[in-house]
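Student: This structure is in structure tokens; I'll ask about it shortly.
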């Protein structure tokens, strides 16, 4: 648009200056020719200058229309980092960039976008843990991820771009010795395969606890809960008591309240939320479940210091929960083989009978062949859609290990001590993974959690005959759900309900819970929290290298802000000067014409006067 405006401004000026640059031999007097040529030199010089600056401005504007990645190519203040989430089913790469505005703030992190405006993300399968028996092949498995990310990083920055490879649940299941051998192969071989920064300490297996911490950091960063008021000053050389008082003051007056998170995975569940300073570690199970966290770059800065309750419930993800539930059914079947709710079903193998058990966690008349892990005996689960009985059975599984907890509300499920005098009903909570999929894929209730509506729709789905559900699928109902989701929806919806309300004691009505998949349009990944935590000291490094002033300046030089602005102002200035020269030239021509006309009138008047007075 700006270029079009300049073209409309420039063409009339050029045409006017072109007319001035034409000397008319035989028609112009020598004096006029000299004057015109003097104007011509200035006008022609300014016209050429204006044309050149217009070309520069056009090129500048054309460049500024490039993608996010291309815009960052020449920005030496932008740093890059890679996080690889090496999970049980695959390894996923995330590329982030950040700037360091000040040592008084966290780094400003964002996902790097590709040429299409999509985040740079790539996944390879199977999981890293599958290389436990062939660790020498692990580096070749990771290399395509690094090669993919490198094309979105400026060449001069490759050597300064750290790579974090954090392995999770799948690797934790391997024997420790195999874990270490596999990690050593990556540490020794990857530096020979890439220009990216590979450090030994950045390649490791992390605990579920740290997955929860990284998720908590990512969620609150995306929510803007680490943006402090300008009135908060960093603490200086405080004593332990003074630091405690400073943090308490910041919590009460200046620091935004942070949100808690519950992540329900397949193998485990994590919970993390901030604790007030008044809670003792002994009341929350000691240091085992409490994490002191400082996200700031200075150890004596209280503003980014947090105290979290964080723990992981290994074996209480929905998939592991389903296995435990099948064991419960098998145990019940063995105890009541001759009971009225058990029958014999032909398995189709020459009349061999397979025992059947009624299952409230399956839709009506759905049949599922299962087996007991101990002896591989088969049995059939026949659904009756009784969602309430399904929830009751799950609750009994959650509290099998709570014999040491009395009364019950002093503990979460699986015998984990809960912080006293702090109800999760009063905490802003976000539920992720299965707390989103089990609520939204079939029931379409993702977002703000309304218990009564969720329970009603969960019961309605489970109370349908399985044949009806299959007909609805053919009629394009449940378009967000695959067959595995539909088969397990009853159990999973009951599982997350029991964990939330019975396991964590969140009130069904008075609560601040919601399920989420994205926050502010971005998918939530613990990888973001990992890069924020791992690079928390970067502002000090940047300051020591002189890449930023010690005090932030809100005024940037014009050229560093945007060269196109400088070119545009030059074009406007030259255009204004050229218009003034042309205007003065035109005024000079008008003045000369007037003098010429006035002179002719006087001569004619005098001639007439002389004739009238002649004898």
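Just so it is clear, glycine is given a Cβ too, placed from its N, Cα and C backbone atoms.
Pulled from TrEMBL, these are the listed features:
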{"type": "ACT_SITE", "residues": "211", "note": "active site, proton acceptor"}
{"type": "BINDING", "residues": "266, 267, 268, 269, 270", "note": "ATP binding site"}
{"type": "TRANSMEM", "residues": "565-583", "note": "transmembrane segment"}
Student: In sequence order, which residues at least six apart in the same chain have a CB under 8 Å from the CB of residue 270 (ATP binding site)?
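Tutor: Sequence-distant Cβ neighbours: 208, 209, 211, 212, 215, 261, 262, 263, 310, 311, 312, 313.
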Student: Where's the emptiest Cβ shell within 10 Å among the binding-site residues 267, 269?
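Tutor: Across 267, 269, these binding-site residues, the one with fewest Cβ atoms within 10 Å is 267.
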Student: When you measure from the Cβ of residue 268 (ATP binding site), which residues in the chain that are at least 6 apart have a Cβ under 8 Å away?
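Tutor: Listed in sequence order: 169, 208, 312, 313, 314, 315, 316, 317, 320.
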Student: Restricting to the chain of residue 266 (ATP binding site) and a gap of 6 or more, list residues whose Cβ falls under 8 Å of its Cβ, or answer none.
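Tutor: Long-range Cβ contacts: 88, 317, 318, 319, 320, 434.
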Student: Including all protein chains displayed, how many Cβ atoms other than that of the residue listed as 'active site, proton acceptor' lie within 10 Å of its Cβ?
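Tutor: Its Cβ shell of radius 10 Å holds 25 other Cβ atoms.
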Student: DSSP three-state call for residue 266 (ATP binding site): helix, strand or coil?
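Tutor: DSSP assigns residue 266 (ATP binding site) to coil.
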Student: Beyond 266, 267, 268, 269, 270, what residues of that chain have CB atoms within 8 A of the centre of the ATP site's CB atoms?
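Tutor: My list of surrounding residues reads 169, 208, 263, 264, 265, 312, 313, 314, 316, 317, 320.
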